[in-house]
Amino acid sequence: MAGGGFPVAGGAPPGDYGGGITFSVVVTCLMAASGGLIFGYDIGISGGVTAMESFLAAFFPGVLRRMAAGRRDEYCVYDSHVLTAFTSSLYLAGLAASLAAGRVTRAVGRQAVMLAGGALFFAGAAVNAAAVNIAMLIVGRMLLGFGIGFTNQAAPVYLAETAPAKWRGAFTTGFQLFLGIGNLTANLTNYGAARIPRWGWRLSLGLAAAPASVILVGALLISDTPSSLLVRGRVEQARAALRRVRGAKADVDAELEGVARAVEAARANEEGAYRRILWRQHRPHLVMAVAVPLLQQLTGVIVIAFFSPVLFQTAGFGSNASLMGAVILGAVNLGSTLVSIATVDRYGRRVLFLTGGLVMIACQVAVAWIMGSQIGRDGESAMARRYSVAVLALTCVFSAAFGWSWGPLTWVIPGEIFPVEIRSAGQGISVAVNLGATFVLTQTFLAMLCSFKYATFLYYAAWVAVMTAFVWAFLPETKGVPLEAMGAVWARHWYWRRFVQPPPAAKDAMLPEVLVN
């Protein structure tokens with residue numbers, strides 16, 4: 001099933017127009033990838049703030065009372081629907097914004113959408129820092145969600161359309177790299193702010209304006225993508241943008257002609273992208289748009305990232321130690337993302353997905369065993385220090401495996417598989433599914449932990465097994481394939497070929513040597 005490769009006719013690899021990694025393309029992609037900062041910062045800041053006693057005393061005193069109880073169920077201390085609503089309300093807003101962003105992007109371009117996302121996130125940070133009641137907190141969270149929805153829709157596609165095909169995986173992984181930087185920065189901020197009585201939580205929430213400012217400045221310094229400019233009829237601006245990122249030695253006219261052919265094909269069906277993605281020939285794209293982000297969330301990593309301070313307190317760490325555990329977790333995730341950047345275009349997407357899945361399964365089963373044997377079903381037993389450290393170590397290994405596989409590749413795959421006529425709609429669906437699943441999981445995780453106890457981790461381990469099998473069977477390798485030739489990959493796949501016919505411009509000779517399921 002992992003069968004043969006596609007040979008290339010002699011000469012330069014198809015899709016290689018002579019351009020290399022230029023200073024301009026690096027700077028442009030770094031600016032666009034900085035869109036991951038706001039998502040990463042929010043993931044890190046939310047869990048840390050909800051573990052601060054000053055924040056809980058101001059808004060969630062019931063949680064503090066359960067923490068102070070002499071006899072308590074460690075699994076259920078933080079089980080509060082209002083507390084989880086604070087975290088998860090952002091993702092409902094993000095879901096709506098990501099679906100709207102597809103249509104907005106076609107009208108104004110990806111750069112403008114990233115600008116709007118940064119501005120909305122900045123406004124949300126200001127409202128949260130000034131919050132005096134739960135209503136203000138949730139309004140602020142919804143503004144943050146609108147910002148994340150716009151940015152997450154635009155930035156990964158911007159990277160896929162701008163990066164050279166040969167290094168597209170590494171450049172697109174930059175979004176996850178900045179997400180990791182944002183997450184680590186948030187965890188360090190929480191660790192310091194927790195030592196400030198009464199208003200430390202305001203500092204943590206208000207400093208979300210810093211990554212928003214980075215995105216605003218970065219988006220102002222870059223041009224839109226050639227593909228997005230061509231869609232809006234700006235041919236000369238598209239040529240100039242492509243020449244800027246490819247360099248003087250690149251055959252810009254040839255590459256622009258290939259992009260223009262794809263755009264012209266899209267114009268024939270300019271309206272109704274969300275309807276067209278339901279057509280039979282787009283079946284593999286729709287399945288991946290839904291399955292990849294949904295399965296990423298079902299690894300359980302997002303709830304571990306959000307609630308790692310809470311999780312480590314459940315495992316026996318004190319408040320400050322649990323925040324430091326979250327810092328360590330963020331650093332490990334960031335380091336493993338660098339591993340992914342270095343290997344994704346060398347070994348391919350499938351290898352990283354499969355190895356990461358196997359390691360995550362082992363870690364979650366081990367954590368479930370430790371939690372079950374030490375805390376028990378009633379949650380009233382204290383965990384020995386060495387086992388608490390083991391939980392932290394296993395969670396770090398889990399985070400590392402996620403960081404080289406499902407973390408970055410969930411942004412890489414949707415950004416590169418869609419034909420141009422459904423690219424904005426497909427990315428919008430992908431981001432909406434990601435944020436919708438995040439909402440459901442963050443809203444239910446603490447209740448699940450209270451009900452399932454240690455079996456929560458076995459539940460997620462089972463899902464990782466399912467998703468690893470899904471990748472092995474249904475995800476073709478896309479390493480090094482030009483975006484305009486991606487249709488032939490699906491047409492050669494053992495299962496998806498029944499839905500897809502190879503387009504005239506994407507015959508076998510256009511493909512680099514890749515393994516296809």
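Glycine residues also receive a Cβ, built from the backbone N, Cα and C atoms like all the rest.
Note that this is a predicted model, so its numbers are computed, not measured.
As annotated by TrEMBL, transmembrane segment applies to 20-41 (among others).
Looking at the domain 'Major facilitator superfamily (MFS) profile' (28-479) alone, the prediction's average pLDDT is 83. The feature domain 'Major facilitator superfamily (MFS) profile' is assigned by TrEMBL to 28-479.
Positions annotated as transmembrane segment by TrEMBL: 48-68 (among others).
Marked as transmembrane segment by TrEMBL: 80-101 (among others).
According to TrEMBL, the transmembrane segment annotation covers 113-139 (among others). Same-chain residues lying 6 or more positions outside the transmembrane segment (113-139) and placing a CB less than 8 Å from one of its CB atoms are 32, 35, 38, 59, 82, 85-86, 89, 101, 104-105, 145-155, 158, 202-203, 205-209, 211-216, 218-220.
Annotated transmembrane segment per TrEMBL: 199-222 (among others), in sequence order. Counting residues 6+ beyond its ends, the transmembrane segment (199-222) has Cβ neighbours under 8 Å at 27-28, 30-32, 34-35, 37-38, 40-42, 45, 48-49, 52, 54-55, 58, 111, 114-115, 117-119, 121-122, 124-126, 128-131, 140, 144, 147, 151, 182, 185-186, 189-190, 193 in the same chain.
Summarising the annotation, TrEMBL assigns transmembrane segment to 286-311 (among others).
Summarising the annotation, TrEMBL assigns transmembrane segment to 323-344 (among others).
The transmembrane segment feature in TrEMBL is assigned to 351-371 (among others). For the transmembrane segment (351-371), same-chain residues at least 6 beyond its ends with a Cβ under 8 Å from one of its own Cβ atoms are 299-300, 315, 340, 343-344, 383, 387, 390-391, 394-395, 397-398, 400-402, 404-406, 409, 453-458, 460-461, 464-465, 467-468, 471-472, 475.
Among the features that TrEMBL reports, transmembrane segment is placed at 391-413 (among others). For the transmembrane segment (391-413), same-chain residues at least 6 beyond its ends with a Cβ under 8 Å from one of its own Cβ atoms are 36, 156, 160, 168-169, 172-173, 175-177, 179-180, 288, 292-293, 295-296, 299, 301, 304-305, 308, 311-312, 315, 317, 325, 328-329, 332-337, 339-341, 343-344, 349, 352-353, 355-357, 359-360, 363-364, 366-367, 370-371, 383, 434, 467, 475, 478.
According to TrEMBL, the transmembrane segment annotation covers 425-445 (among others).
Proximity of distant same-chain residues to the transmembrane segment (457-475), defined by a Cβ-Cβ separation under 8 Å and at least 6 residues beyond the stretch ends, is recorded for 1, 287-288, 291, 295, 298-300, 349-350, 353-354, 357-358, 360-361, 364-365, 367-368, 371, 406, 413, 448, 493, 495-496, 517. Look at TrEMBL and you will find 457-475 (among others) tagged as transmembrane segment.
Looking at which of 20-41, 323-344, 425-445 has the most CB pairs under 8 Å to the transmembrane segment (80-101), the answer is the stretch 425-445.
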